[in-house]
Amino acid sequence: MLQDPMDFEWSYWIEWGRERILWLLAGHLLVSQVSRLLVEKYKPWCLMVYGMAACWLLLGIKGFAVILLHAAISFAVAQFQLSLLTWLCSLILLSTLRIPAVEETKRKWYDSENEYYLLLFTVSVRCLFCTSFSLEYCWHAPAQKSSHSFPWMLAYVFYYPTFHNGPLMNFDEFSKQMRRQEAFSVKTNLRILIVGIIRIFFWWCLAELMIHLMYIHALYSSALPLESASYWALG
């Protein structure tokens with residue numbers, strides 16, 4: 001059974017996952033559990049350092065510097081506590097990804113287009129996280145801003161499981177989970193890990209099945225089959 005060859009994004013992430021991302025996620029899990037056992041108070045900072053190191057490894061020092069610069073600019077603009085200004089800042093930062101001269105410069109940093117696309121994906125998603133942090137900084141009262149420091153923003157932005165393509169978690173929820181003190185239980189953690197692996201495996205198999213049975217991307221890239229199909233078939 002042949003696979004739909006037009007699904008670029010799925011093939012792209014599968015290739016990156018097999019090469020590096022899967023192993024970096026396993027490393028994150030290991031750092032998370034070790035820091036939870038030994039230095040739970042410093043767990044957010046251990047994960048922040050790990051996320052920065054993973055970013056540096058995959059995107060290089062220049063890619064890392066771009067994300068760090070975006071976070072610093074977003075944090076600086078958030079100090080004005082104006083939501084509109086935060087949105088404008090985010091849109092401007094995103095728009096820099098489409099400036100031809102900037103695109104060409106970033107392409108030269110990498111040996112392949114795939115590496116450049118990884119930077120684009122990552123910076124775009126990080127912009128959402130920077131926007132979330134900055135908006136919550138604007139909305140909170142001065143007494144609540146102690147937890148909205150720049151180090152906490154970096155811990156949030158460089159949290160590796162959501163680093164490349166999400167999903168989006170707002171900063172308040174992230175901070176609440178990171179600060180939560182839980183009793184360590186090997187049995188509970190093992191059960192959560194096994195259930196998580198089963199969930200990922202199930203959805204991965206389902207996605208692969210759809211690519212082999214439903215040629216969605218190949219169909220919408222060619223107008224002729226769509227024009228010849230009935231409305232019932234299209235529906």
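Please read every residue number as a count from 1 along the shown chain.
Cβ from N, Cα, C; glycine included.
A quick note: this is a predicted structure, and the numbers were derived from the prediction, not measured.
What TrEMBL lists as transmembrane segment is 20-39, 46-69, 75-95, 116-135, 150-171, 192-216.
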For the transmembrane segment (116-135), distant same-chain residues with Cβ under 8 A (at least six beyond the ends): 12, 16, 55, 58-59, 63, 66-67, 70-71, 74-75, 77-78, 83, 86-87, 89-90, 93-94, 97, 106-107, 109-110, 148, 153, 156-157, 162-166, 168, 170-171
Contacting positions for the transmembrane segment (46-69) when only residues 6+ beyond its ends and CB under 8 Å are counted: 20-21, 24, 27-28, 31-32, 35, 39, 106, 109-110, 115, 118-119, 122-123, 126, 151, 154-155, 157-160, 163
